Amino acid sequence: MIQDTFSSTTFLLLTLPFLVILIAMVGLRWSAFKAGSIALLLCLVILPWHFSIGWQPTVTSLIPGTIFEAMGTTFSIIWIILAALCIYYAQHQSGALEVIQRYLAKLHPDPRVSALLIAWFFSLFMEGAAGFGTSAALTAPFLVAAGYRPVIAVVLALWGHSLGVAYGAVGTPIMAQSALLQVPDLILSHATLPYLGLPALVLSIALMAAIQRFYGDNRQDGTQTDQVRVKSLSKLQVLSTGALAGLSFVLPAMLIAYALGPELPTLLGAIVGAVIFVALVPRLIAKQASLIPSVNQPEMSQKMTIWRALAPYIVLVFLVLLTRLIPSLKTWLLGYTLNVTWHIYEFSIAPLYHPGTLLWFGFLFGGFIQRQPVTAWGQAVRLATLRISAVVPALLVMLWLSRLLVHSGAIAELGAQIVLLTGIGWAFWAVFVGVLGTFITGSATSSNILFTEFQHQAATHAQVPAIPLIGAQNFGAAIGNMVCPHNIIAAGATVNIQGQEGQVMRYTLPMALLLSAVTGISAWLLVT
């Protein structure tokens, strides 16, 4: 039962698993599997005792039930990662990646501009279209190919897509809030708007600074290779280019969110923003001869057009929009949903609607359009399967921890304790609850399902307007994507950084805290 008075003991007990994960991964640089295992053992000892669950129901229900849900969710995530890896390997073997790099060089020859187009606009575009882990999984390998160390590539991918999650997957997180509160989705789309501008500007500038700082730093010892050594940009160029990228996305996205609702701001904002950015960036960084290094690729890549090279992504986006924006088709696909229930524990998956399945179609049809031999498909699947096998244990541990915290009542209790602790300052901290929800569940939509009604009740209790805090919840849930352990594991799997997840979090955690603080101040100003 949730307490109605603040208890420092309860607060410390419930924050202990999170502190263990953060200290172990960020401070000690432990792997996600090792840190998650320690936090999991703590939860198995603390939670049944604190919530008086009893050892018999813990052993016969809570533990097997949460393992069951974790295994189902692990399969769902692996289905996405495996397909994304297959696309990457097939694109690499066919030379399509080289074709795309050459095309980016035509848009602007500076490789750092190309990296920003990938990490910001492409990442946001894929988040707006598909969401659910596909964006970072597709973006990180591109950035490695562009000259970035795998750890940094994952950081850039997680930074780049995170704010777009607020309106991601054609508006799914806000749609969930709308269904829970019975509030029109256009109103909730407006509720998130005030939080988008300044954080997007901060993040895009930081992203450009990181792109400049780490470009070519792709050796294990951190030294630059000769072929990618380029002249450093001035601080003014970094600042202005990052700001241009941020404004190019956020202004169209905000107009679309205000006029049309939550489905298309991230998707169309990324497209319109990329066009604006490509048109204006030569005024900030002058075009010179192409600085993007040439890589020996299969002969077939010399004959491949850009449209064929992009075929897997075009097929994916077409299928996503088709299945998400045509109500009758969406209803039909969701009708084929597998629901497995055991007591109060359940797992469901709609295989025909699942983003992983759409990625597989992108892989197969893209390969067909590119005229890849069947043996190349088999080789891509083999390489992807070998890489992903090392990811499963860490993913399963983190997801088991997540389900334990949810089903024991720890998350709801911790949220209530934060409200009781902060009192009148709750508006500032509301965004952090959204971050917490995604940190645990790995999904902004799940975070919103978990905490939206709670945020509404907390606002009523604090006697402040509820709608701005619902928007803060959604935006916090978006920010949380960059620090969620199993999101880091999933993105890292595509560039083979198993065991180095803590290094990623050393970059994503400070950024998430900064963006949350900026958003929290905005929320506090809106309700006071």
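Every residue, even glycine, has its Cβ placed from backbone N, Cα and C.
The transmembrane segment feature in TrEMBL is assigned to 6-28 (among others). Here the transmembrane segment (6-28) has Cβ contacts under 8 Å with residues 34-36, 38-39, 42-43, 46, 50, 401, 405, 410, 413-414, 417, 420-421, 436, 439, 485, 501-502, 505-506, 509 of the same chain, all six or more residues outside its ends.
Marked as transmembrane segment by TrEMBL: 35-55 (among others).
Annotation source TrEMBL lists transmembrane segment at 67-90 (among others). When Cβ-Cβ distances below 8 Å are used as the criterion, the transmembrane segment (67-90) is approached by residues 96, 132-134, 137-138, 141, 312, 340, 342, 345-347, 349, 354-357, 359-360, 362-363, 366-367, 372, 376-377, 379-381, 383-385, 387-388, 391-392, 395-396, 399-400, 402-403, 442, 486, 490, 493-494 of the same chain, each at least six residues removed from its ends.
Here the transmembrane segment (111-132) has long-range neighbours at 80, 101, 104-105, 138-139, 142-143, 146-148, 156-157, 159-161, 163-165, 167-170, 172, 204, 207-208, 211-212, 215, 228, 230, 233, 241-242, 245, 249, 264-271, 273-274, 277-278, 281, 285, 291-293, 313, 316-317, 320-321, 355, 358-359, 443, meaning same-chain residues at least 6 beyond its ends whose C-beta is under 8 angstroms from one of its own. Under the heading transmembrane segment, TrEMBL lists 111-132 (among others).
The transmembrane segment annotation in TrEMBL covers 195-215 (among others).
Per TrEMBL, transmembrane segment is recorded for 236-260 (among others).
What TrEMBL lists as transmembrane segment is 266-285 (among others).
Outside the transmembrane segment (306-327) by six or more residues, the chain places 87, 90-91, 96-97, 99-100, 103, 125-126, 129-130, 134, 138, 169-170, 263, 333, 353, 355, 358-359, 361-363, 365-367, 369-370 with a CB less than 8 A from a CB of the stretch. Feature annotation from TrEMBL assigns transmembrane segment to 306-327 (among others).
The transmembrane segment annotation in TrEMBL covers 347-369 (among others).
The transmembrane segment annotation in TrEMBL covers 381-402 (among others).
Positions annotated as transmembrane segment by TrEMBL: 414-440 (among others).
The transmembrane segment annotation in TrEMBL covers 507-527 (among others).
In summary, the transmembrane segment (35-55) lies against the transmembrane segment (381-402): three or more C-beta pairs, each 6 or more positions apart in sequence, are under 8 Å. With a cut-off of 8 Å between Cβ atoms, the residues of this chain six or more beyond the transmembrane segment (236-260) that come close are 113, 116, 120-121, 124, 167, 189-190, 192-193, 196-197, 200-209, 212, 266, 268-270, 272-274, 276-277, 280-281, 284-285.
Same-chain residues lying 6 or more positions outside the transmembrane segment (381-402) and placing a CB less than 8 Å from one of its CB atoms are 17, 31-33, 36-37, 39-40, 43, 66-67, 69-71, 73-74, 77-78, 81-82, 85-86, 88-89, 440-442, 485-486, 489-490, 492-494, 496, 498, 501.
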